[in-house]
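Notes to accompany the following structure.
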Amino acid sequence: MSIKQWPEGERPREKLLERGAAALSDAELLAILLRVGTRGMSAVDLARYLLQEFGSLGRLMSAEVGKLSAYKGMGTASFTQFAVVREIGRRILAEELQESIVLSDPDTVADYLRFHLGQEKVEVSVALLLNRQNQLIAVRELSRGTVAENTIYIREIVKLALDEYADSLIIAHNHPGGSPEPSQEDIMFTRRLAQAMSLVDVSLLDHFIVTSQSVRSFRQLGLMP
């Protein structure tokens, strides 16, 4: 049965208009983006199938075009739509972060980092550069490595902070393997970086580790020097 044959109150678009987007399931929201299904499957059925295949909405929305194209009804148009949605969401979160006092709004930082780094396939490190009021100046990518290796040079982070006239910074990196727990190397690197930043009167406020499911804060774990 096509969605047009459903009771009006159960159709995703009508349901959104009547009850708001939060009332829709992941599959219903995705169906609105997909617009149409495939032969024998409504857009909602296709959305449910794709969510089951990819395991989560985040993995589906960040899938590469080649992988999406392996599924009937999916291709470059769907990939483009998903990429646009992700980028709009990232920019909205960045705007919220830019307007917030970072230390008083750690959830916004965590949400931004999860959205920005959580679905990366390789390890990526970023720095959030802050002014004296702990407001965001800029977000800069520090490095991008393989799944198991990522090299960050402390002197480059120090130079970046000075070039941006930052008073403090937060660093973050993802663990593509899925475990958010800090390694001994993560802890030692954080200590060395904090010491180096103190020599130029810039504070290292926190170090976050990000996975697709969670975010860990060194400060909350009691691991900041």
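Positions of Cβ are set from backbone N, Cα and C atoms, glycine also.
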Per Swiss-Prot, member of Asp163, Asp167, Asp186 binding Zn(2+) alongside His173, His175 = Asp186
Around the recorded Zn(2+) site (His173, His175, Asp186), other residues with Cβ within 8 Å of the Cβ centre, ordered by sequence, are Glu123, Ser125, Asn174, Pro182, Ser183, Ile209, Val210
Enumerate same-chain residues with a sequence separation of six or more from His175 (Zn(2+) binding site) and a Cβ-Cβ distance below 8 A; give 'none' if the list is empty.
-> Glu123, Ile209, Val210, Thr211
